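Working notes for the structure below.
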Amino acid sequence: MMRMSWMVTVINRRMMKILIALALIAYIASVWGTYANMRSIQEHGEMKIEQRIDEAVGPLREKIRELELSFTQKYPPVKFLSEKDRKRILITGGAGFVGSHLTDKLMMDGHEVTVVDNFFTGRKRNVEHWIGHENFELINHDVVEPLYIEVDQIYHLASPASPPNYMYNPIKTLKTNTIGTLNMLGLAKRVGARLLLASTSEVYGDPEVHPQNEDYWGHVNPIGPRACYDEGKRVAETMCYAYMKQEGVEVRVARIFNTFGSRMHMNDGRVVSNFILQALQGEALTVYGSGSQTRAFQYVSDLVNGLVSLMNSNISSPVNLGNPEEHTILEFAQLIKSLVASRSHIQFLPEAQDDPQRRRPDIRKAKLLLGWEPVVPLEEGLNKTIQYFSRELEHQANNQYIPKPKAARMKKGRPRHN
């Protein structure tokens, strides 16, 4: 009976979409009718009038396209959930690299997902395969402005995460991580939602404890070139626990270590994307410093599973999500060269300021309390990512993505080994 009720609801929604589409078409017709009358009265200024009409009609065309997709597009398979089990979920930064993969998982699990993104680093095409689906909504919105929506869970991922992007606009990065987090906590308080903050291993800075566990307070330069991101996330964590203690908001905090996979920006300045792109294009692989710095890399699907497990757990203290398998940057460069079968040479450049020398997560807490640990082998994840980057380069060469994503500019500093 419940399934029949759900099917009737879906049919009613589709009927509403048809009515909305017809109303939009009628509106466009009236606009063009007005335009025709104006042209008959006014002989000059045609281009200006036409421009104004295009500005008015453009968003309507986009809406009609979305409505058409809802009838014609084939979506990935979605699990059926009852009203009791289906959650209304908000993902800030949901059109970005990690956010779009999280969107895929939650949609396929049968939940209702609203993605909020200002498209500074997110891309609509990362989630366009869901546009028009009954359970999906995409909102162009900046989290530094308040948002009013009824949800059960909030995954707060919105923030530039690569050095070129957060160094390009450090004030914006700080605002997103402070004011944006404050707005999401306020929303969680108003509607009684649980909030998961996507924090970062950067809160540990250049660590003096190795591997890093959740009790380590960190070693961060508060005025260095990366401080806008590192300290922004530290403040965001502080605000989460202040709201938990004072307002009773349910919070979860994930400290995310280096992650890679499809939908990464090719020019985002992180070591994985840098090395793969350079190897594919036959350019020198640029290593900053000696290459003895270490990192631990996890594939994006492992991270997404960890985020969902943490959200649905009863763990309110911070949890590291990363791969404890440690590699030097030089070893990593040589591995990518081998996987790509590239003849590129390795070029050593001066070390970047405040570049952490060692980074490796202690994930005993995640293993014990969440039953989570990475399962995708490094080479398997890298091969998938290399294939994705190869397709991206081919598409760009054929002008299949218009406009192409713009590379973020850096005011100061150089890319580091994120």
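Positions of Cβ are set from backbone N, Cα and C atoms, glycine also.
Note that the coordinates shown come from a computational prediction; the quantities given were computed from them, not determined experimentally.
Here is what Swiss-Prot records for this protein:
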{"type": "ACT_SITE", "residues": "Tyr229", "note": "active site, proton acceptor"}
{"type": "BINDING", "residues": "96-98, 117-118, 120-122, 142-143, Leu157, Ser159, Thr176, Ala198, Tyr229, Lys233, Thr259, His265, Arg270", "note": "NAD(+) binding site"}
{"type": "BINDING", "residues": "Leu147, Tyr148, Lys175, Asn183, Gly186, Lys189, Arg190, Tyr243, Gln246, Glu247", "note": "UDP-alpha-D-glucuronate binding site"}
{"type": "COMPBIAS", "residues": "406-418", "note": "compositional bias 'Basic residues'"}
{"type": "CARBOHYD", "residues": "Asn314", "note": "N-linked glycosylation site"}
{"type": "CARBOHYD", "residues": "Asn383", "note": "N-linked glycosylation site"}
{"type": "REGION", "residues": "397-418", "note": "region 'Disordered'"}
{"type": "TOPO_DOM", "residues": "1-17", "note": "topological domain 'Cytoplasmic'"}
{"type": "TRANSMEM", "residues": "18-38", "note": "transmembrane segment"}
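Using a 10 Å Cα-Cα cut-off from Lys175 (UDP-alpha-D-glucuronate binding site), the recorded positions that qualify among Gly96, Thr121, Val143, Arg270, Asn314, Asn383 are Val143. Shown are the binding-site residues Gly96, Gly186; of these, the residue with the fewest other Cβ atoms within 10 Å is Gly186. Sorted by the number of other CB atoms within 10 A, the binding-site residues Val143, Leu147 start with Leu147, the lowest. Counting other Cβ atoms within 10 Å of each Cβ, the binding-site residues Lys175, Arg270 show the lowest value at Lys175. The maximal spread of the UDP-alpha-D-glucuronate binding site, taken as the longest Cα to Cα distance among Leu147, Tyr148, Lys175, Asn183, Gly186, Lys189, Arg190, Tyr243, Gln246, Glu247, is 22 Å. Under DSSP, Asp117 (NAD(+) binding site) is assigned to a strand (E or B) in the three-state scheme. Here the CA atom of Asn314 (N-linked glycosylation site) lies 22 Å from the CA atom of Lys233 (NAD(+) binding site). Counting other CB atoms no more than 10 Å from each candidate's CB, the recorded positions Thr121, Thr176, Gln246, Asn314, Asn383 peak at Thr176. Among the recorded positions Gly186, Arg190, Tyr229, Gln246, the residue whose Cα lies closest in space to that of Thr176 (NAD(+) binding site) is Tyr229.
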